[in-house]
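Asker: So that we are looking at the same thing, I have put the structure below in structure tokens.
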């Protein structure tokens, strides 16, 4: 602090603070540091601590900027004595980047022509970029980001459409494909006469649809099947999808529409329902198939790896299949699982294996977690069997039951499979009914009626 007592001696020295303050751009901290003389070298360095000079190392940026170094003698960078000369060479002119001969070249400066560290950068910034010519200016897109065709694309820019580094980013920022530049005015095209397309729905009025020639474009109408346009009684016309087009002989179990029906076979819309769907006739072919067979080609389409030195794949040994396929690291023996010649599946998609033990889980819960790969039987019990052909209870034969008798005769009459009872079944029933009608009333019944009539006569006489 004794430096304040010797202003004359300080004035004789070359104070680099004059050069520092002659150029703009200092912060509010650097100028007072220079006035206080908190520097370590000959450029106004008081204080007893000396900083190491390492000419082969880069300059200590913090020391050049503030005049002090927190690491002291342990700092591994260079601390020149004449700090003012170094800063004067760096800031020879306003806005110039430092030229440090013998130091590595600033790669960011060589690519972009700019340096975000400015005068504090510790690398060399040659005046002539690269091969002796001036650094070519970076071309910018209309979005304001640099275009560098030879560099890697900026992943953040491709993901978000923005880049926080802006002009200093060293990656390429291509223009998105959807936005190739400012929108240009479309050229006016003279409308050309187009051949009229034959419509398959003549009741649709084309005046309500704007013409495609107003926009200079040629639009085509989507193709519909014949009869897909219907007039709805509740509002505007309705267009049905191709899957709902009515035609004769429609069956819900047919695969697909293989050909377009002819207009002659088209049923009239008025005789159909509101949506033009033809109801199924009673004579339509019913789906009576309960089981389906799995072709054996599916089992041979996969080949599993043979690894004798590895443990066996337990899933393959249990089900005969492996979801990992050729990438499974376990052994898949060929002779472990017998070849599948054909599997018969039930209506719920479980295998039927006559002669094999029944699946206990399916017998208890009605489901099987292994599905078609289960090796046990999944046959439905006789009490739970269902026949799709028995569609109504009215079709089932009903045996006649006599009204007057509590039970039939001792020997039960045979029941016919047809709806009409046979002669042998009707004869004992009729005879029992006749005998019941001709039977006299019991005595108790006649006595009760006599007592009731006597009580009525006594009340009237009194």
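Don't overthink the numbers, they just go from 1 along the chain as shown.
Note that Cβ sites are derived from N, Cα and C of the backbone, with glycine treated the same way.
The structure displayed is predicted, hence computed values, not measured ones.
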Asker: Region 'Disordered' per Swiss-Prot: which of the ranges 288-310, 311-333, 334-356 is that?
Answerer: 288-310
Asker: Taking 54-82, 100-128, 148-176, 307-335 as candidates, which has the most Cβ pairs under 8 Å with the zinc finger (353-381)?
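Answerer: Result: 307-335.
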Asker: When the zinc finger (148-176) is classified with DSSP, how many of its residues are helical, how many are strand and how many are coil?
Answerer: 9 helix, 2 strand, 18 coil
Asker: Kindly report the helix/strand/coil residue split of the zinc finger (54-82) according to DSSP, in that order.
Answerer: 9 helix, 2 strand, 18 coil
Asker: Pop the mean pLDDT for the zinc finger (353-381) in here, whole number is fine.
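Answerer: Result for the zinc finger (353-381): average pLDDT 86.
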Asker: So which residues does the zinc finger (148-176) touch in its own chain, when a touch means Cβ under 8 Å and the partner is 6 or more beyond its ends?
Answerer: 108, 111-112, 114, 116, 138, 140-142
